[in-house]
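**Q** Handing you a structure now.
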Amino acid sequence: MAGEDKKQQPFDSKAASSLVAELRGAFASGTTRSYQWRESQLRGLLRMTDEHEQDIVAALRSDLGKPELESVLYEAAMLRNSCKFALKELQRWMMPEKVKTSLTTFPSSAEIVSEPLGVVLIISAWNYPYLLSLDPVVGAIAAGNAVVLKPSEIAPATSALLAKLLGEYMDSSSIRVVEGAVPETTALLEQKWDKIFYTGNGRVGRIVMAAAAKHLTPVVLELGGKSPVVVDSGINLQIACRRIIVGKWGNNNGQACIASDYIITTKDLAPKLVRLPYPHVLVFSLYGVVSCTLPYLFQVDVLKNELETFYGKNPLESKDLSRIVNSDHFTRLTKLLDEDKVSKKVVYGGERDPTKLQIAPTILLDVPRDSLIMNEEIFGPLLPILTVDKLEESFDIINSGAKPLAAYIFTNDKKLKEHFVNNVSAGGLVVNDTTVHLAVHALPFGGVGESGIGAYHGKFSFDAFSHKKAVVYRSFMGDAAIRYPPYTNGKLRLMKALLGGSILGILRALFGRS
Amino acid sequence: METRGDLEVQLKGMREYYRGGNTRGASWRKSQLRGLCRLLEEREAEMNAALEFDLGKHPVEAYRDEIGGLIKSANYALGCLKGWMSAKKAKLPLAAALTTAEIIPEPLGLVLIISSWNFPFGLSLEPLIGALAAGNVVVLKPSEVAPRCSSLLANVLPAYLDPKAIKVVEGGPAVSEQLVKQKWDKILFTGSARVGRIVMAAAANHLTPVTLEFGGKCPAVLDSLSSSWDREVAVQRIVGSKFSACAGQACIAIDYVIVEKKFSSTLLELMKVRIGKMLGENPRESRSMARIVNKHHFLRLKTLLEDPNVKASIVYGGSMDEKSLFIEPTILLDPPLESDLMQDEIFGPLLPIITLKKIEDSINFINSRPKPLALYVFTHNDSLRKRMVAETSSGSVTFNDAMIQYMADTLPFGGIGESGMGNYHGKFSFDTFSHHKAVLRRSFLVDFWFRFPPWNDHKLQLFRSVYLFDYLGMLLTVLGLKKSKQG
């Protein structure tokens with residue numbers, strides 16, 4: 001339906017306004033509030049994903065060159081799990097939450113009722129275009145809202161597929177897709193929504209929030225940042241490197257908001273991750289003699305070895321790596337690589353193929369802190385390694401920058417672990433792994449500071465799209481007289497006792513003693 | 001008056017103090033909350049005097065609405081702090097063996113609280129309790145429209161709280177404008193929706209999360225009550241809460257009453273009697289009712305009543321004294337719905353009674369207007385109760401009383417739509433000033449070997465089983481007894 005409209009006329013402010021009015025009418029009719037409707041829509045999403053998995057895989061291959069396994073696991077399967085979890089919990093989530101009331105409001109009972117916000121706008125990103133469009137939709141539907149979804153135009157095949165499939169499987173009186181780019185998004189942002197959920201970058205996030213401010217629309221902004229990985233010594237380096245690799249290049253070739261952006265490790269440990277050019281080897285091996293020579297001899301180049309195991313000697317040819325999404329991002333990434341102060345720091349990879357829009361997994365060592373690559377979110381297959389003398393310095397480095405969406409540490413040192421967990425601020429932290437917290441329904445997924453506002457996943461999705469309404473039930477018995485004029489000292493004493501919550505105080509006040 | 005340079009230096013100092021970890025520990029937070037408790041105890045007389053000066057509030061009203069509530073909230077926070085600060089374990093499925101997950105609350109950092117003039121202590125210190133309990137450093141900007149209260153806060157807070165972590169900045173709109181342009185980790189604003197938009201737009205530049213507390217036209221729906229006792233109590237609560245809490249200048253004050261036409265005259269009589277009992281023959285002399293805060297608001301309210309059609313609907317009260325900024329309790333019967341009185345938030349001691357044919361019609365009436373901060377319904381009718389909760393939207397709903405929801409520590413206090421976003425009070429205050437950080441800890445010992453490339457169908461099949469938590473299927477696949485699904 002939405003796809004057809006697009007061909008006929010441009011989606012401008014007027015079209016956006018009438019779309020919102022239509023959905024408000026649908027919401028006002030109460031359709032989306034019933035358990036039956038929410039359940040049927042969630043089942044629809046599930047069926048849609050099951051029945052069209054291959055179409056999804058094909059669209060993702062077209063848009064991103066995404067390997068089938070990544071598409072199936074990180075997009076389709078995760079979305080399915082999201083639907084299933086919501087279906088399992090929906091009745092419980094919809095129930096009012098009874099709360100205790102105290103002496104100050106005695107006698108009374110109270111509860112918190114979750115109600116839908118109304119008509120919500122979800123704007124998604126291009127890197128996980130299926131998941132990041134529909135995972136928020138799961139929350140919006142579970143909470144009983146009407147939804148407009150605006151998928152990213154940078155992943156056009158997936159955008160078109162979503163428009164087609166949602167039109168077929170979902171209740172189009174309350175759930176719609178609007179395709180398009182900046183003009184369409186602008187038209188949508190001019191309207192009054194009851195919530196806007198945006199996944200993308202901080203620059204556009206500011207634009208979204210400013211537009212929302214005009215209508216006092218609450219927002220969830222899922223942004224990004226430079227997610228660091230701190231690597232300590234005394235760990236199983238092979239496992240650590242595998243986890244870092246699959247979290248970085250195994251996630252859309254590094255184009256993921258929670259992919260490891262850069263590594264921080266000690267000057268000692270760096271040579272174990274990647275072999276250094278000869279002169280450095282001499283210097284560090286002398287240094288290393290003092291610390292741990294034997295492991296050094298046997299565990300050098302761990303990162304490189306594992307990368308080769310995963311992607312072969314010719315990673316540009318590997319079918320298990322997504323390509324760079326488009327030439328803009330390709331240019332951006334090669335600029336990061338080719339900056340003067342950085343180009344000589346490449347210790348592995350660096351190959352690129354502009355015709356295939358592919359850049360090989362690339363590791364850089366000791367890039368200067370003021371380089372471009374260390375001052376923007378990389379969002380690609382380049383992994384700088386920063387070295388420090390003592391690992392504790394890494395926390396200051398991380399905390400001196402903008403708070404990232406995720407931060408990771410590999411260590412067996414209990415004290416270091418706790419120091420990290422308590423002192424590094426990020427959306428989420430993982431110890432001894434990367435990115436996997438995304439799949440845990442019980443954890444809120446969202447940023448802080450520059451990495452975002454709000455969170456979702458699991459019940460947090462339901463809450464993000466709900467209004468928590470306080471409901472108090474009072475009886476006609478009780479205290480009315482003391483609260484109001486004419487004011488007397490006796491009333492004041494009784495009131496102090498009531499607010500103080502002390503039964504003895506109340507008795508004293510009632511019987512005239514102060 | 002501070003210059004912009006001064007302000008930026010101060011904020012930088014506060015951020016450094018925060019980064020030094022000084023505000024993180026439970027003992028610091030408790031000491032601040034205890035400091036507030038001591039302040040409320042020791043300075044009650046001065047606070048009463050300031051409220052009397054700025055708003056003409058009676059000390060009992062001051063205690064009931066502000067000081068008493070703050071003591072309650074500070075003690076509540078002290079009692080709950082340990083639980084609020086502790087990490088919450090999150091449940092994981094069996095497939096995630098040797099993995100633990102938890103949610104750890106951490107402070108946001110440097111936060112800004114902008115408060116309003118009508119409950120100048122309550123609306124400044126209630127958010128402050130939450131911000132301090134959550135371990136933040138705080139700048140508080142009290143309203144200049146209540147100047148004595150503002151300067152009292154500026155003078156006493158440094159004596160009771162850590163002056164490196166809590167600063168009071170006084171001033172008017174120009175100062176507020178300066179403040180909101182800075183980078184904050186959170187802003188909590190109480191005031192009008194108009195200014196709220198400006199605050200949120202400024203916050204957008206820094207991606208600062210906001211909690212905005214506005215007001216709205218909070219309706220009270222009065223159903224037919226068969227017992228005369230219930231009718232008396234209902235009227236007492238309606239009239240008492242409207243006129244005795246800052247003379248109706250409250251975000252959760254009953255703005256107007258809806259009643260069935262056939263009861264309007266009964267209601268009116270009951271109200272007149274009750275007002276008389278509460279405030280006597282001469283309400284101004286009783287000194288039990290606050291005055292209008294300033295000339296600007298006095299003239300605003302006066303203008304509302306000057307509309308001839310509105311004036312004609314006055315059935316009680318209506319007299320005003322500009323010199324003492326006093327307006328007596330005024331009741332209107334069915335003023336025109338298009339009048340400013342019925343379009344804008346009244347925020348004063350004028351109480352319109354709107355009559356409808358059937359009480360159920362009030363649902364559509366309420367829904368055709370912006371969502372209010374509070375909805376009050378006086379009824380015994382269970383089905384009307386259910387319909388009110390299910391079919392209307394407001395920050396909160398209170399049955400058979402008014403304004404009391406403000407004192408409940410376990411309920412979120414906040415609006416929706418034009419009445420605000422976000423909430424606070426009790427644990428909600430702590431949460432609104434915290435970042436809930438997800439933490440996942442994994443072991444090196446366990447992993448799915450098929451997690452890593454190069455990919456093949458076998459690995460894919462294994463993953464499918466894992467995602468379904470189909471452990472048997474996984475085992476069969478590993479043993480080669482289950483074939484991969486065809487794509």
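Note that Cβ sites are derived from N, Cα and C of the backbone, with glycine treated the same way.
Whatever TrEMBL says is automated annotation, not expert-curated.
Reproduced below are the annotations present in TrEMBL:
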ACT_SITE  A:Glu222  active site
ACT_SITE  A:Cys257  active site
DOMAIN    A:14-274  domain 'Aldehyde dehydrogenase'
DOMAIN    A:302-471  domain 'Aldehyde dehydrogenase'
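Structural setting of the listed features?
**A** Annotation note: A:Glu222 (active site) sits in a strand segment as assigned by DSSP.
The number of other CB atoms found within 10 A of the CB of A:Cys257 (active site), across every protein chain shown, is 31.
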**Q** According to DSSP, does A:Cys257 (active site) sit in a helix, a strand, or coil?
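**A** Its secondary structure by DSSP: coil.
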**Q** Return the residues near A:Glu222 (active site) by Cβ distance under 8 Å, restricted to its own chain and a separation of at least 6 in sequence.
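**A** Residues satisfying the criterion: A:Leu132, A:Phe197, A:Tyr198, A:Thr199, A:Gly200, A:Cys257, A:Leu405, A:Phe445, A:Gly446, A:Gly447, A:Gly452, A:Gly454, A:Tyr456.
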**Q** Determine the mean pLDDT over the domain 'Aldehyde dehydrogenase' (A:302-471), rounding to the nearest whole number.
**A** 95
